[in-house]
Amino acid sequence: MSDEHIDEISGISTTGHEWDGIRELNNPLPRWWVWTFYITVVWAIGYTIAYPAWPLLHSATTGVLGYSSRHDVGNELAAAEVAKGKYVAAVESKTVSEIAADDALREFAVAAGGAAFKVNCVQCHGSGAQGSAGFPNLNDDDWLWGGKTGQIQQTITHGIRFATDPDTRLSEMPAFGDIITADQIAQVSAYVASLSGKVKDASLIEPGAKVFAENCVACHGDNAKGNKEFGAPDLTDAIWLYGSGEAAIAAQIHAPKQGVMPAWGERLGETKVKELAVYIHSLGGGE
Amino acid sequence: MLDNTQVERLEAEAVNSARVRQPMYAARKKIFPKRAAGSFRQFKWIVMAITLGIYYLTPWLRWDRGPFAPDQAVLLDLANRRFYFFFIEIWPQEFYYVAGLLVMAGVGLFLITSTVGRAWCGYACPQTVWVDLFLVVERAIEGDRNARIKLDAGPWTARKLVLRVSKHAIWLVIGAATGGAWIFYFADAPTLVGELFTGTAAPVAYITVAVLTATTYTFGGLMREQVCTYMCPWPRIQAAMLDESSLTVTYNDWRGEPRSRHAKKVLAAGQSVGDCVDCNACVAVCPMGIDIRDGQQLECITCALCIDACDGVMDKLGKERGLISYATLSDYNANMMLATAGGASSVNPSLVRTADGLFSDKVSHFHIRKIFRPRTYVYMGLWSLIGLGLLYSLLARDRLEVNVLHDRNPQFVTLSDGSIRNGYTVKLLNMIPEPRTIVVTIQGLYGADMSVVGDDIPAGRSFTIPVEPDRLKMLKVFVRQPAEQIRGTAQTFTFRVEDKASFEADEYTATFNAPEIAK
């Protein structure tokens, strides 16, 4: 204390600190509190020695206890891996339909498949598996190659029109622009559109039906219901991969677009593909 | 009847006395509170018995809730996120009841403090209660004030060692019992007590007991008044709650001063003399170690033990009780004005008395009316309003709820027959500890039906599903409407859930989305 001073009103000595004539009364701090402060300082020094603390040029001190939060995360991930081990083993050993029939296993596969879907599939099929023009919506009940769990698994494993996979699902809609006349295309487009809605010129339907019978029934069937063996779409329903209406149908007959889906079997492994198949089957359209 | 000089003068000095020059950091001054006797001490014993009784016994009360819920009357089941209080069960989303109770406790504290001062600190605060308990042990083993001072100052003998060891051992046992009782609020008490003593309880139970044993022992036994003076924020806050009409423990210097141990001599010299005989009894009994005669101060927890001590002395002297008493600042100020002739002189106690030695009619006394003033009306009103609100909300609350989340992506799905399907996550909350059978129905949305994912329930406008007791059941529900029935891109409809046995029901208004041109 540099300045001995007693406050006149309270009779208490001041600390010697003064700001613009205002003095601080000396109500002494308990000594144990000061010691507590010293202990926290000592603790802090010990802490920085024991744990990673001081920044260096390119890294930081590692601490004598060798603690690292990255190591902790690794442990947690390993523990999670162990915890889900029995489910993964079950998924590995069972078929997709068995997995789908088991409540607990299905729940696990849907969660795991959902995560894999977010990483691998959303780029084309969308984050809600809602698809877009040329990329099928996986929520609906219309399936080009079949919506049973086994069929979905097959499609994911080997892809569609994926050249490097020998077992890939393969079909090709011929470019009828070179085979039939423009009039015939207009007629058959009107016929196909009439199967699920109204058309502008009803007189085209009858000749269109004839063109259909001559050129299309081999794949799409007599009743135009399609054929999942060839990935031939059902032409009587409300779902159109490349757009509905006569113009969109005519364009697809003239010079068809043919989508390609990669084969995921080798890249993701069988277990992941099974999980994906169960997940997609659970979206609401599975057969 | 005793004379002033016959009252024993105790050697006691207030710990916060300003007369001593202080260093920047001061060692703690030891306090050896003397045992007090009187009505406030009696009242404190009763409060102590009730509060400790509530604390230690509550977890052992049973309350039958049927086979599907625990039978512990008060239980905070953190693992299952359920809170039980007798007939009330609270789910985490109903935690606002606890928040409401805390607000009520806060407002209640304002009310109490503005009327009877720091009554919480003086009587009901756990720190006060446990320190009191620890002092009982200390007195029982080491004796009352003088014996303890002597023992403390004396050399380390075998006797001192035995006394000290047994005192601290008993304190530790009390600490362990305190920590032990705490954990019983969080698990089934009879089960946990078995596990605790066979070493099979969860590590967190032992850690909690150890930590609370240490804090109870340290705060109740070693730190005592230091906790109130230096660590607790309440004294600062409560001081702000006091006004001139609040009752606080007050030394009435308007009748006490000038204090003297030799009244007769002083009177003979023609000077005035007050009622205070400067016996220091009030300082000796103070658990905070302060002198109430220095006025109202931060350290005072208003435990009123100095009132008991002083009243005892006044009785012996044949004077009126209440030299130290619960008084309001306004009464005190009025009496001070009286005693100092309007502030013109120093205190002259003869001014407050009539010629025959009785108090004059002008002396102000506390009147119960003072409790009722705008401030306390506001606190009382606020407190009752929140209380009634909580009570109403508790009586009217749902025990069956439905929450519906519409799928965010996709918003809708067109199916091959042209109909539109929307997906919903439906959460059924059965908030009673009994299994229930719930009927889920959709209302509105003409022509629509629903199906449940993973359940073999035929599509329809209604289905029945069992829900486990006290559980949430989550369902993935698809609602589907034929194309020709769709009216607009966003139609509202209702999910209704009903318990057919109790007719309790809840509804949720949901939206059904469709593309702009649905064919």
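Residue numbering: from 1, along the chain as shown.
Placement of Cβ uses the backbone N, Cα and C atoms for every residue, glycine included.
Unlike curated records, TrEMBL annotations are generated automatically.
From a predicted model like this one, the values you see are computed outputs, not experimental measurements.
What TrEMBL annotates here:
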- A:32-54: transmembrane segment (TRANSMEM)
- A:108-196: domain 'Cytochrome c' (DOMAIN)
- A:Cys121, A:Cys124, A:His125, A:Met261: heme c 1 binding site (BINDING)
- A:Met173, A:Cys216, A:Cys219, A:His220: heme c 2 binding site (BINDING)
- A:203-284: domain 'Cytochrome c' (DOMAIN)
Quiz item: Any idea what the Cα distance is from A:Cys124 (heme c 1 binding site) over to A:Met173 (heme c 2 binding site), rounded to a whole Å?
Solution: 21
Quiz item: Excluding A:Cys121, A:Cys124, A:His125, A:Met261 themselves, which residues in that chain have a Cβ inside 8 Å of the centre of the Cβ atoms defining the heme c 1 site?
Solution: A:Asn120, A:Val122, A:Gln123, A:Phe135
Quiz prompt | Helix, strand or coil at A:Met261 (heme c 1 binding site) [DSSP, three-state] | solution = strand
Practice problem: Find the shortest Cα-Cα separation between A:Met261 (heme c 1 binding site) and the binding-site residues A:Met173, A:Cys216, A:Cys219, A:His220, and name the residue that gives it. | Solution: A:Met173
Self-check item: Within the predicted model, mean pLDDT of the domain 'Cytochrome c' (A:203-284)
Solution: 93
Quiz prompt | Least buried by Cβ count (within 10 Å) of the binding-site residues A:Cys124, A:Cys216, A:Met261 | solution = A:Cys124
Practice problem: Round to a whole number and give the Cα-to-Cα distance in Å for the pair A:Cys121 (heme c 1 binding site) and A:Cys219 (heme c 2 binding site). | Solution: 28
Exercise. Using all protein chains in view, find how many other C-beta atoms are within 10 Å of the C-beta of A:His220 (heme c 2 binding site).
Key: 21
Quiz prompt | Greatest inter-residue Cα distance in Å for the heme c 1-binding set A:Cys121, A:Cys124, A:His125, A:Met261 | solution = 11
Exercise. Within 10 Å of the Cβ of A:Met173 (heme c 2 binding site), how many other Cβ atoms can you find? Include all protein chains, please.
Key: 18
Self-check item: Entry from the binding-site residues list A:Cys121, A:Cys219 having the most other CB atoms no farther than 10 A
Solution: A:Cys121
Exercise. Run through the domain 'Cytochrome c' (A:203-284) and tell me, per DSSP, how many residues are helix, strand and coil.
Key: 42 helix, 3 strand, 37 coil
Quiz item: What other residues of this chain sit with their CB within 8 A of the center of the CB atoms of A:Met173, A:Cys216, A:Cys219, A:His220, the recorded heme c 2 site?
Solution: A:Asn215, A:Val217, A:Ala218, A:Gly226, A:Phe230, A:Ala232
Quiz item: Between A:Cys219 (heme c 2 binding site) and A:His125 (heme c 1 binding site), what C-alpha distance do you get in Å?
Solution: 26
